[in-house]
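K.L.:
From Swiss-Prot, for reference:
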- T7: active site (ACT_SITE)
- G162, C165, T168: Na(+) binding site (BINDING)
Amino acid sequence: MSRTKSTTICIVRRDGKTVIAGDGQVTLGNSVMKASARKIRKLYEGKIVVGFAGSAADGLALMERLEEKLNKYRGNLLRAAVELAKDWRTDKFLRRLEAVMVAADKEIMLLISGNGDVIEPDEPVLAIGSGGDYARSAALALYRNTDLSARQIVEEAMKIAGEICIYTNSNITIEEL
């Protein structure tokens, strides 16, 4: 999977709460074009949270496709994600989309890519985007070694990613299930 130089999305589940966060920076070449973009959303009547890293237009198009699949499969996130990944890999139009997504409901958390990947992590922590490795590392350390809430873990992980990754800012949007 190629590294997406665009943003950071981090998602953590703990004590029945699922929290997703995304930074607001949009970078075009070497310039910051916007500092307050919204790259995370709630879908399917607010029961599923989704975030994307990569091209904004592509990420939004994929969110729309995922929402269609969720409606078709009555909110079954795993089934919708697998069907989206199959379409994404085989459809001529979708194959060109450059984004990676994370999605979660109250029970499952998934990374979805155009390579056909639908990955559920071993631990309830995922992060994607250019600052994803930093955010995931910080979130895993906090998850394993503290009693912080999911929200506190996500906030701190995003803060750390924003301090290290030049494509990630500290203008964080958070959604919670």
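Using the three backbone atoms N, Cα and C, a Cβ is placed for every residue, glycine included.
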K.L.:
Take the mean position of the Cβ atoms of G162, C165, T168, the recorded Na(+) site. Which other residues of that chain put their Cβ within 8 Å of it?
P.N.:
T8, D23, Q25, S130, G131, Y134, A135, M158, A161, E163, I164, I166, Y167, N169, S170
K.L.:
For C165 (Na(+) binding site) and the residue listed as 'active site', determine the Cα separation and express it in whole Å.
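P.N.:
That separation, Cα to Cα, works out to 9 Å.
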K.L.:
Including all protein chains shown, what's the count of other C-beta atoms within 10 A of the C-beta of C165 (Na(+) binding site)?
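P.N.:
Excluding its own Cβ, the number within 10 Å is 21.
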K.L.:
Restricting to the same chain and to sequence separations of six or more, state which residues have a Cβ under 8 Å from that of T168 (Na(+) binding site).
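P.N.:
Expected: T7, T8, D23, Q25, G129, S130, G131, M158, A161, G162.
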K.L.:
Enter the number of other CB atoms within 10 angstroms of the CB of G162 (Na(+) binding site).
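P.N.:
Counting Cβ neighbours of G162 (Na(+) binding site) within 10 Å gives 21.
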K.L.:
If you count Cβ atoms within 10 Å of the Cβ of the residue listed as 'active site', leaving out that atom itself, what do you get?
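P.N.:
Other Cβ atoms within 10 Å of the residue listed as 'active site': 32.
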